[in-house]
Amino acid sequence: MYTLGEFIIENRDHFSYPTEGLLRLFSSIKLAAKAINKEVNKAGLTEKIIGSSGIINIQGENQQKLDNFAHQVFIESLKSRNIVCGIASEESKDFIVVKGEKENSFQKKYIVLIDPLDGSSNIDVNVSIGTIFSVYRRKSSMNLTMDDFLQKGNKQILAGYIIYGSSTILVYTTGNGVHGFTLDPSVGTFYLSHPNLRYPKIERIYSINEGNYSRFPNGIKKFIRYCQEKKENRPYTARYIGSLVGDFHRNMIQGGIYIYPKTEYSPKGKLRLLYECNPMAFLTEQAGGKASDGENRILDIEPLNLHQRTPFICGPVRMVTKLEEFINP
Ligand code: P6P
């Protein structure tokens with residue numbers, strides 16, 4: 001069985017930039033994932049971890065202690081490999097410049113955007129949660145600017161997530177397919193378990209928070225009724241766990257659409273473009289699917305600010321296209 005490191009070396013031609021840089025970047029992501037996995041697996045036992053930190057984060061959300069822990073672990077791990085020049089995190093209002101003796105050298109030319117622990121409201125009820133990461137080359141040659149971070153999703157060079165569930169799986173793409181690696185905690189190694197992940201031909205699932213039904217635009221309501229009344233083949237199944245990484249991972253493997261549309265509460269949608277939707281959209285397209293805001297390809301959206309929100313739909317091409325037809329009759 002390939003380890004993650006062996007797979008990267010074996011497929012070095014997948015990377016349009018030196019494998020050495022990627023290996024170092026991945027080793028910092030792997031290290032952080034293992035540290036977070038350890039705490040997630042015992043969150044119920046450690047009073048310092050479970051529950052709210054009492055801090056309201058920049059999103060106005062009640063920051064869970066594990067959110068903050070995951071943020072700190074990723075920041076420190078990414079800083080330590082001397083490969084990243086800047087980081088943007090859901091938990092940090094502004095981007096973080098990674099100072100270092102070789103700030104403008106060859107090494108420090110990647111920037112990373114992360115949602116350190118997505119779905120953290122599920123921590124206390126033991127539902128799968130995840131880390132989402134997105135990597136770009138810097139644009140600036142000297143000091144980092146916001147433009148280094150406000151790049152379209154189609155400029156990503158690496159994107160992925162770690163899902164902390166019944167097992168811990170790291171899934172990534174560099175534009176050459178989607179590959180999943182399962183952590184063997186007994187030896188602390190990620191092994192290739194899901195090579196070339198792709199949406200299956202059978203479309204079975206629709207994932208949306210139907211509790212917001214009365215607040216959805218009409219096109220969304222029509223699509224939900226279509227899913228419920230679908231007769232040909234077999235009716236769709238509704239599955240929604242309120243954790244993007246968990247819903248996404250299941251739908252990519254079993255065949256389903258994930259929808260977080262705009263609502264009265266979230267007129268621009270709830271999910272963030274840069275460190276949630278863009279990485280998930282890159283993975284979606286690489287797995288043979290489609291990702292849009294209902295009208296526009298997610299990866300072509302011009303970002304205007306770090307924490308910008310967008311309506312988000314991703315899944316099999318036919319399901320997403322069908323929903324777009326309902327939204328734009
Ligand atoms: P709602 C978690 O807070 C998150 O950002 C995603 O992981 C998840 O899919 C969504 O929000 C759930 O939001 O409004 O349905 O609870």
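Going from the start of the chain as shown, residues are counted 1 onward.
Cβ coordinates are placed from backbone N, Cα and C, and glycine is handled just like the others.
Computed from a predicted structure; not experimentally measured.
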Inset, instruction - For the substrate site that TrEMBL lists with D118, G119, S120, S121, Y240, K270, give the additional residue from the candidates N154, N209, N305. - result: N209
Inset, instruction - Let me know which member of E264, E276, E285 TrEMBL also records as binding Mg(2+) 2 at the site of D115, D118. - result: E276
Legend entry - Residue in E76, E90 which TrEMBL records at the Mg(2+) 1 site where D115, L117 also bind: E90
Legend entry - Cα distance (Å, whole number) from E276 (Mg(2+) 2 binding site) to N209 (substrate binding site): 17
Inset, instruction - Determine, using Cα-Cα distances only, which of these binding-site residues is closest to L117 (Mg(2+) 1 binding site): Y240, K270, E276. - result: E276
Inset, instruction - List those of the binding-site residues L117, D118, G119, S120, N209, Y240 whose Cβ lies under 6 Å from any atom of ligand 1, in sequence order, or write none if there are none. - result: D118, G119, N209
Legend entry - For D115 (Mg(2+) 1 binding site): intrachain residues, at least 6 apart, with Cβ closer than 8 Å: S89, E90, T131, I132, R272, Y275, E276
Inset, instruction - Could you measure between K270 (substrate binding site) and D118 (Mg(2+) 2 binding site) for me? Cα positions, answer in whole angstrom. - result: 13
Inset, instruction - Within 10 Å of each Cβ, count the other Cβ atoms and name the one among the binding-site residues S120, S121, N209 with the highest count. - result: S120
Inset, instruction - Report the same-chain neighbours of G119 (substrate binding site): residues 6+ apart in sequence with Cβ closer than 8 Å to its Cβ, ordered by sequence. - result: V127, S128, I129, G130, I241, G242, S243, L244, V245, G246
